[in-house]
Amino acid sequence: MTNSIRIFRVAGIPVELDFSFLLLMLFIYILAYLGFVSLQLAILITLVFVTVVIHELAHSYVAMGFGVKINSILLLPIGGVSRMEEIPRVPRGEFLISIAGPLTNILIAMLVSVPILLDVTGPLTGLAGEFLAVNLLLALFNLIPAFPMDGGRILRAILAERMGHMRATEIAASLGKIIAVFMAVLGVFYNFFLILIGLFIYIGAEQEYQATLISSLLEGVTVADVMTRDPVTMDPDITVDEALEFVMSKKHMGYPVVEGDEMIGIVTFHDLSDAERTRNVREVMTEDVVTVNEDDELISALEKLNSMNLGRLPVMGDGRLRGIISRTDILRTLNLLRNKKMKREN
Ligand SMILES: [Zn+2]
């Protein structure tokens with residue numbers, strides 16, 4: 001994402017501000033300067049966003065303890081987002097990572113209550129009281145068991161101890177969607193913002209459910225189980241014209257280019273149809289080939305295909321070309337496994 005600026009690092013985690021967030025803050029301070037809102041409100045809003053960053057840092061910090069790599073924390077006008085790799089499927093890990101955020105808000109509220117109770121806040125009493133209240137609200141709001149919000153993740157972790165990751169996700173995501181719809185309906189009558197949050201929760205719950213379903217269906221399946229063995233390969237020294245004729249007869253979209261015993265590139269129908277007919281395959285092929293190993297988990301091949309936006313990957317074993325695996329192969333396998341699971345359940 002390029003619409004953000006990196007402002008500082010805490011414990012090695014970069015914190016980034018989205019430009020829309022900066023505009024919002026600027027807007028609020030201009031309003032305060034012009035006298036439309038109080039300076040106290042502007043300061044309170046600033047403090048709340050600082051708190052949101054601390055909340056996300058707490059999640060990230062605990063996650064790092066479980067070996068999760070943290071990419072960054074991004075601050076948007078609607079709140080903070082920790083961009084981290086997938087949380088390990090250890091219920092205790094997810095529980096602690098998720099509860100760290102709301103606990104931080106409770107801790108801040110407790111710290112702020114001390115000077116208020118000691119009556120030493122003077123003219124800042126109003127601000128301190130509001131800041132305390134906001135932190136308690138943030139803690140309570142995040143603890144609503146609407147997956148994928150913190151409370152929903154805590155619920156999934158507790159359920160996962162008893163019934164396994166997949167079933168726990170199913171229940172937590174369903175509950176998350178019900179609460180999301182409820183929030184949106186409530187939003188129609190009370191606050192437009194709730195509709196937006198409901199929508200985010202609904203989409204988030206569905207996405208995480210699908211991702212968990214896919215990784216659970218593909219658990220234990222390796223690339224070798226699904227790949228096409230002995231793939232049709234192409235000779236680097238034939239012309240594009242000859243290659244296109246070859247493609248018409250074989251009807252695949254991509255071919256490893258093999259010279260002797262070695263794969264030296266990959267060429268797709270698109271590479272060929274865009275190229276001059278008299279050139280050689282060697283000149284139009286892609287040389288930097290992304291490959292997978294035949295022993296790799298199928299899910300990691302799917303992630304590679306998705307993240308690099310590729311259609312197929314050559315499969316290697318002992319340094320030699322063993323097969324080819326395409327996105328279509330994986331989706332077909334997924335559908336088969338999904339049907340099998342549904343039949344089992346009915
Ligand atoms: Zn949180």
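Positions of Cβ are set from backbone N, Cα and C atoms, glycine also.
As recorded in TrEMBL, the features of this protein are as follows:
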TRANSMEM  21-54  transmembrane segment
BINDING   H55, H59, D150  Zn(2+) binding site
ACT_SITE  E56  active site
TRANSMEM  60-81  transmembrane segment
TRANSMEM  93-118  transmembrane segment
TRANSMEM  124-147  transmembrane segment
TRANSMEM  175-203  transmembrane segment
DOMAIN    227-284  domain 'CBS'
DOMAIN    285-342  domain 'CBS'
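Recorded features from TrEMBL, shown on the structure.
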residue	record	CB count, 10 Å
H55	Zn(2+) binding site	26
E56	active site	26
H59	Zn(2+) binding site	26
D150	Zn(2+) binding site	24
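Counting Cβ pairs under 8 Å to the transmembrane segment (124-147), the top-ranked stretch among 21-54, 60-81, 93-118 is 93-118. Taken residue by residue, the domain 'CBS' (227-284) breaks down under DSSP into 21 helix, 18 strand, 19 coil.
A Cβ distance under 8 Å defines the sequence-distant neighbours of the transmembrane segment (21-54), meaning residues of its chain 6+ beyond its ends; these are 5, 15, 73, 75-77, 79-80, 104-105, 108, 126-127, 130-131, 134-135, 138. The Zn(2+) site is defined by H55, H59, D150, and by the 8 Å test on Cβ atoms against their centroid, the other residues of the chain that qualify are E56, A58, S82, S98, A100, G101, P102, T104, N142.
In the three-state DSSP scheme, H55 (Zn(2+) binding site) is classed as helix. Broken down with DSSP, the domain 'CBS' (285-342) shows 27 helix, 17 strand, 14 coil. In the three-state DSSP scheme, D150 (Zn(2+) binding site) is classed as helix. Separation of the C-alpha atoms of D150 (Zn(2+) binding site) and the residue listed as 'active site': 11 Å, rounded to the nearest whole number.
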